[in-house]
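Participant: Attaching a single structure in structure tokens format; questions to follow.
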Amino acid sequence: MSGGDMAKPLLGQGSMEGEGRTAPAAGRTVGVLGSGDFARALAIRLVCSGFKVVVGSRNPKRKVGLFPSAAEVTFQAEAVKKADVIFVAVFREHYSTLCDLADVLAGKILVDVSNNTEISHHKESNAEYLSSLFPASTVVKGFNVVSAWTLQSGARDGNKQVLICSNSPEAKRTVAEIAQVMGFTPVDMGCMSSACEIENIPLRLLPAWKIPIFLSLGLFLCFFTYNLIRQVIHPYIREQKNKLYKIPIEVVNTTLPCVAYVMLSLVYLPGVLAACSQLYHGTKYRRFPDWLDQWLQHRKQIGLLSFFCAALHAVYSFCLPMRRSHRYQLIETAVKQAMEKKMNVWVEEEVWRMEIYISVGIIALGLLSLLAITSLPSVSNSLNWREFSFVQSTLGFIALVISTLHTLTYGWSRAFDENQYKFYLPPTYTLTLLVPCTVILAKIIFALPCIHQRLLRIRRGWEKGRYVKFVLPSATGEYSSGETSSNV
């Protein structure tokens, strides 16, 4: 690992929110208590960032080979004496073993980097517990959301943010300086009461994805059951044909595009509902209902899941001709045609339908891929707001329109065929058209000049029923004031 590359800060000298700061003195000594994986990664990163590191261990002779040669490995008491800032890289249950160092730790800054095994496992946070054990020391919570891998490989390969909280602004500023020199972005989370929330962050598993995932699974189960009835159960009851072989590939492949299509429309439906709310109330300052607010916040995850289902649909469709059942059906069809002496089975309408259907589907998948790529932080950060809005809003709506054409081309004239209504149930694609067509129709209505201009004025701060003052010249040349409603 290159020390020069690791030591170079990835960000320019900045400041934590609202607080100016200067770079720490060169060669500052920093202590690390602990010899686990995180302590070793932390020591490596500190050394490569230009700090003098002293590691405190209960068995320094056994642990010295685990740390870089530039780091001094000694007993805990000796390490504490040589540093003013000490990273406590031990588990909560081992905090009591440090009580013998209470006198030496007095006046020191202790950085608690620990996490729990469960969310809110204890009544008080680890940092608050450490502070109660060492009241003469200043405790700062930080670096617990950074993994050991990120510390070793550099902030470029992981999250750059380091969440920091403490009751001492000076201590927070000192730890923030160290974090910035290490290449991370310090974020001030306030006083020590925020430590519990910071410690819960690494334990949460995809908190922003739960609702979208359950939504996609619910839609998948609904459409899968619907297709199962039409494609498997109906032939078995009406014609005594066993179509169970269709379940793993064909039924799933019929379900995936339905989920992808509806999920894509659900990305833009809350925007339509929000616009309707603003037009109805005549203001942008009225708070949306909680369910709509949550829906708007989950649009990114819903869109990515839509792309995931569309990509799976493309893979499944590519594999359809590879199935053994498909080959048997081709041979059976060829034998029937030969027995009936059909020399020309070319159907011009069907050929054009499939050519257009596949072509439009490829374009729709390409646009969805572009939407998914630009949602990545590394890509979106390189776009300005207008570029990002154009891709996610304009191109996203175009993707919805093309997906609608893809669905309509697939249906063609099948919606008017009585044989397509199994158990009097309409084809699946007709059900999927309801929400997307509603969104497209609403978008067209909002594009009308009279409605578009009113909505634009509302989003620029205009409010219905608000009175504004005006000044008019009188007949004598003097000016008089009055009031009028802004919706006149």
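Just so it is clear, glycine is given a Cβ too, placed from its N, Cα and C backbone atoms.
Because TrEMBL annotations are produced automatically, they should be read as predictions rather than curated entries.
According to TrEMBL, the protein carries these features:
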| type | residues | note |
| --- | --- | --- |
| DOMAIN | 29-116 | domain 'Pyrroline-5-carboxylate reductase catalytic N-terminal' |
| DOMAIN | 258-401 | domain 'Ferric oxidoreductase' |
| REGION | 1-23 | region 'Disordered' |
| TRANSMEM | 211-229 | transmembrane segment |
| TRANSMEM | 259-281 | transmembrane segment |
| TRANSMEM | 302-323 | transmembrane segment |
| TRANSMEM | 356-376 | transmembrane segment |
| TRANSMEM | 388-409 | transmembrane segment |
| TRANSMEM | 429-451 | transmembrane segment |
Participant: Mean pLDDT, the domain 'Ferric oxidoreductase' (258-401)?
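Facilitator: Across the domain 'Ferric oxidoreductase' (258-401), the average pLDDT comes out at 93.
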Participant: What parts of the chain pack near the transmembrane segment (429-451), using Cβ distances under 8 Å and only residues at least 6 beyond its ends?
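Facilitator: Contacts of the transmembrane segment (429-451) (Cβ under 8 Å, skipping residues fewer than 6 from its ends): 226, 257-258, 261-262, 264-266, 268-269, 272, 275-276, 279, 397, 400-401, 403-404, 407-408, 410-411, 415.
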Participant: Checking distant contacts: for the transmembrane segment (388-409), what same-chain residues at least six beyond its ends satisfy Cβ-Cβ under 8 A?
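Facilitator: Beyond its ends, the transmembrane segment (388-409) has Cβ neighbours at 257, 260-261, 264-265, 267-268, 303, 353, 356-357, 360-361, 363-364, 367-368, 370-371, 374-375, 380, 429, 432-433, 436-437, 439-440, 443.
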Participant: Please figure out which one of 211-229, 259-281, 302-323 racks up the most CB pairs under 8 Å against the transmembrane segment (356-376).
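Facilitator: Against the transmembrane segment (356-376), the leading stretch is 302-323.
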Participant: Mind tallying the domain 'Ferric oxidoreductase' (258-401) by DSSP state, helix then strand then coil?
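Facilitator: Tallying H, G and I as helix, E and B as strand, the rest coil: 120 helix, 0 strand, 24 coil.
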Participant: List the helix, strand and coil residue totals of the domain 'Pyrroline-5-carboxylate reductase catalytic N-terminal' (29-116) as derived from DSSP.
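Facilitator: When I sort the residues of the domain 'Pyrroline-5-carboxylate reductase catalytic N-terminal' (29-116) into the three classes, I find 39 helix, 23 strand, 26 coil.
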